[in-house]
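Notes follow once the structure below has been shown.
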Amino acid sequence: MSETPSTSFSMIYPTSSEGQLPSSRHLSVTHPVVAKRISFYKSGDSQFGGVRVVVNPRSFKTFDALLDNLSRKVPLPFGVRNISTPRGRHSITSLEDLEDGESYLCSHGRKVQPVDLDKARRRRRPWHSSLAITAHAHHSPVPAAAPGMLRAPRRLVVFRNGDPKTRRVVVLTKRVTQSFEAFLRHLTEVMQRPVTRLYATDGRKVPSLQAMILSSGAVVAAGREPFKPGNYDIQKYLLPARLPGISHRVHPKGNARSESRKSVNWKVSIITSDLPNAGTSSQIYIILYGQHRSSAPIYLYGTDGARFQDGCEDIFTITVGDIGTLFKIRIGHTNSGLSPSWHCKEIQLWNMNSRKQFYIPVQRWLARDQEDGEICREFPVLNKGQPIFPVTIYEVHVATGELWNAGTVANVYMSIYGEKGDTGSRQLFRSKTSFSFLRGQTDTFSLEAVHLGDLYKIVIGHDGLGPGNGWFLEDVVVKDPTTNREYTFFCHRWLDQGEDDGKIVRELYARDYNIISARQKLEFNRKETWAAESWKFMKGNTLQFYNRLTGGFVRLHPNGTVDAVGKKTDKYGLFDVIFNKENICIFQSHKIRHLSLALDNGSVAGMASGGASTKLRVLYQPNRCALLESALVPGHMVIFDHHGKIADESSAGYANLSKEFVVFVKGMFLNSAVILLATSLCQALCIQPDGSCTGVGNQSEKSYWKVHKISSGICMFESVKNAQMYLRIKDGQCDGTGTGDIDCHFKIKKNLENASISLESVKNPGLFVGLQSDGQAKPVIYTKNGSVFFYPQVIKFGREDPTGISATPSKEEEKIRGSKKRQETPPESEARGPLLSSTAKEISETLLSEDEWKVLVLTGNTGTQANVTLWVYGDEGVTGPISLSKDSSEQLFLPRQEDEFQIEIRNIGIIYKIRIGHDGTSEQPEWNLQRVTMQHIKSKKTLDFPVNVWLSRIQGDGDLVCELPVVEGGQAIFPLVRYHVDVHTGQLKQAETESDVSLCLFGERGDSGLRLLYKSNMPVKFQRGQIDTFQVEAVSLGKLQKVLLRCEASDKSQYWYCEKVVVRESGTTSESTFTCERWLPFMSQGIIHSEIELFLQEGDWKVTVITGDLEDAGTTATVSLSVYGETRCSGPIILGSGKHQLFNSNSADIFKINLKDIGEIYKIRIGHDNRGKDPRWYLEEIRLENIDTRELFCLTVDSWIAENENGGDTWKEMPVVRTNKAPLPVVAYEIYVYTGRKPGAETESNVFINLIGTRGDSGNRRLHQSKNNKVKFQRGQVDIFSIEAVSLGKLKKVLISHNGIGPGNGWFLESIVVKSEEEDGNQEVLFPCNSRWLDEYQDDGKTERELLAERSFSAAGDTGSVAS
């Protein structure tokens, strides 16, 4: 035990000259030096605003000195090791190569990702961003003034590292925050000592200006030394002129002494638990919360050795300002050092002025790898006569928007504010999903804090770190389980320095403290959708209305009747917009000019144009479908039944009616039309300066495309902003650098379900223009997940009969790119000449010299007419698929012929393997491949791949592709490996399939490519309960990471249920198991997916829950499971609810849970929450199977779990039979509850108890049925209950509580006695409550108490701890 004084940093000191800023003005005269002013940007990161550097012989004597300097300014994992031109074509290797006024890209490897420099240059500077999360900035009316809420400071308190008394206040002006390096130089002048590093007051490193925004208004300035803990107080420097609830007073300097008298000395005692590794190497801090305000973080450290070690007590003396009556504390650590995890046993506080003493039992881990992963915790403090606030676990649901690139990899922080304070800034890092903050995903986090009362705002933001640091936040929902209320904080904005207003931190308010209604949110989404779709209803447009229920188009017949079963080409299905005012339109038949679509008395018909009944109001839904409502009689809609006939909502079931229409505009892709290819309601496909394409462009002129119609349904798209740059798919890339050849030809596929289009490459059928999650364009195979959907908007309509096509002729381009006799084709080259600018010619020449390779393919005795494709893999990327084709394809790959091709390979690093194959089409698909040779045109470097293999379904191993490694010195860089793939089809009914199944293996060295699983060891593949073994030969992938499975089923009868995939290498015994256990294809969020990625996971268990076949054996309640191991308990794990078609009678429900690091399992507990219409449940059996080791536990239950069966317990515990160990017995514990004799001692609330012993706990059980009394818990009464649990060993304590429901919810408890009989002896344990109230209005306000065992009577020995 030791006592260490800790100087308070929460005291209010008088202002002195020590706080004045020294003058930063320097008068010096220097002679001019020849200098270059250059901007440097980060490879692949448009959010990084760049740094400006002046390069002259005096500042940088060598090129390496410049690289070292940039490494401190440009955040790259391994520092700046390469500088290149903006498109990454040329590397800079000397200072002389740098040009004045130019921009360059920095990277840590040879691979360079281009950047949109225009976007990067527009990045807003930090002084435009909002304040840190913990700064109480607020620019809107505040519903209620929270204690200690401050106005937004534009000042920063800078402390000297290790010396909190030395501090300066710095004003963040535009001049000093031009760059992070400039700010450090300014601090060097201000602090009068070298400043090279900044830290937050809790020890986190502040590596950039963005991170400084989240520094709570204070930073610690250091040189090259590590962070030194100290009491860095910021509140005294950032206090507002007037605090809420305190009268405004002006204290002269001479009155400063009276202020210091208000400071209070506290003695703090902290006991670290004696559990293994309970001590910590981290820095511990404590924050005291009072009714007036809170203290800042106070670091608890001393000078006489290590603190907070296993089983030790540490005592400190701290000094804190006048915070008012203490009501809670927050304790945490900086998660630093070699062993930062910490288990705190208890905390005691003594107010040395008032002599009040406070005891706080903690018994919790503060560790990233324990419990909930939190490293700070809050605890309420009991003050006599004051209500105690409960500890609440808030459930926080964070929804990331659906926009492209909406997700973020930055660290996200949030603080919740209520009428009783705040939670402080907490990192949201442990989501219930595998990866947090992905596009369109809702992440759920738990945030534990002392109850805040009614919530009114949150502050949420991120630190701006990482390559994809921008974030589009949709909304945040906070659920308060104490009051059962939900608070919705609507955002729908970017937190991105390159988007919107540039802020990365936002304050969000709950309107009137209530949930924002779904109707309000729906209305907001409708307005956004209307803004994106309203162009369709401009006067003069010709429309079609498609009904998804009927599968037909609305048509108006000459006799005035209307139906919705027309074909796309039906002449009566076209309507002209002849009137438009806001969203009210008249739709006149294009064929029958005197009739328009009308709604008259609820009936839809054709009527004379111009009448009141023909005016229809267009109402858009968020799914881009329109409703047509009568403008004359609001509420009357155009409705059809599933037969396509006119209906109303009362004529049939609602499920058989449809009033939603997908609206199409005719003539969008006429020649010379200008269109926008929208990717979301506010984003569009556009070309970036480096020629790449992205789907996150603004819907502006920059994203306009000119249409060049090639033939019916086939078009090219030329950028309006960048003439002669065409959208294309080539060599596995999708970009905007096309020149108008066949690579730029796209077939337009219209999607009837949502009025979108998809663009399929004409040259590479099956490849579509698609988007990755970050919005970058890439070629993809068609799926319905939205990545290939573009929503066209016509800016300018084209003409019906084009007189010519402005695109570059494709035939000539193909001859130039594909012919072996390049030197014999000058006429074609000259024909192209006028179409290309001199700059384009220079670029082409550069590409030929740097990126061009010659590929020679030698065919053996058997040739092929199939389409041949090549992939080239390097250590920094992959190029492919590359189509090896020419104009005269019938002359390619003939027997004993060598064919020559020219290809481009960009930015893939050192080549280590290739993959070549064909698609198996044409009359002659078999191919005997002899050799592949690649030669770099400029350097003449040659890679030779001798192969001599059959690529045939009937010859060889039946594969149509093969992989070939690069050979150096007679030995392959990586060996060829034959992978044995066991595919397990499930036992479910109709699990088999006749569909084609394909597989792709992924490892640390790339992938195997998608391979059709063709040759099985079984005569018929993929039969129910069958294991099919296939062989996949590939260049060694290293450690396998995941498997992609694809099943292309034509209809539901061919859907396939895959149980798992097991992969092993030839000659090894190790296996990699990838669990699937689902149907393919499958539906997710309304979209059918034909492929799924399976990942390796450790510690995964399969749980099978079998409900009995008795009548009404199923349950509507929510079922939970807890699994106990020798190391820890995992749970409760919510398995699901009967309301969602789970736990039905005579059914088996399968779940996958993770039980990593819980040790050897010795018992489980399963039960339900007794909710729903029929919660009673008959459980027959539960099985636990380790997916990796195949270890299986079968636990027979055969019992009702219900309040009206078997004693009324809704939980069941079962022991697990362990290797060489007898199972623990199930023990019946008799519980005697003694209610006191005071008036009003009885209660009607539901009472719960948890027994805790040396072998774990019983879980929270409701004391439901008293054995000896009809009415429970009456004054002076003893009630006897019985619960069954796996033997708990020697009982140590009980937790007793009630839920406070009912008119008489308070309860005066005297004591509890627990009796049990076991083989090794009986025990009777007394748990005195010392005659105390469990009443939120009496005593200390607690409704839960922990009662410790006072004495125990055993008939035969001690019950011991965990049985062996």
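Every residue gets a Cβ built from N, Cα and C, even glycine.
Your range for region 'Disordered', going by TrEMBL and the list 1-24, 1249-1272, is 1-24.
Taking every recorded stretch in 851-965, 1099-1215, 1227-1347 and counting its Cβ pairs under 8 Å to the domain 'Doublecortin' (36-118), the highest total belongs to 851-965. Secondary structure counts, DSSP: the domain 'PLAT' (392-509) has 0 helix, 63 strand, 55 coil. When pLDDT is averaged over the domain 'PLAT' (851-965), the result is 88. Mapped onto DSSP classes, the domain 'PLAT' (977-1094) shows 3 helix, 69 strand, 46 coil.
DSSP states for the domain 'PLAT' (264-380), grouped as helix (H, G, I), strand (E, B) and coil, give 0 helix, 61 strand, 56 coil.
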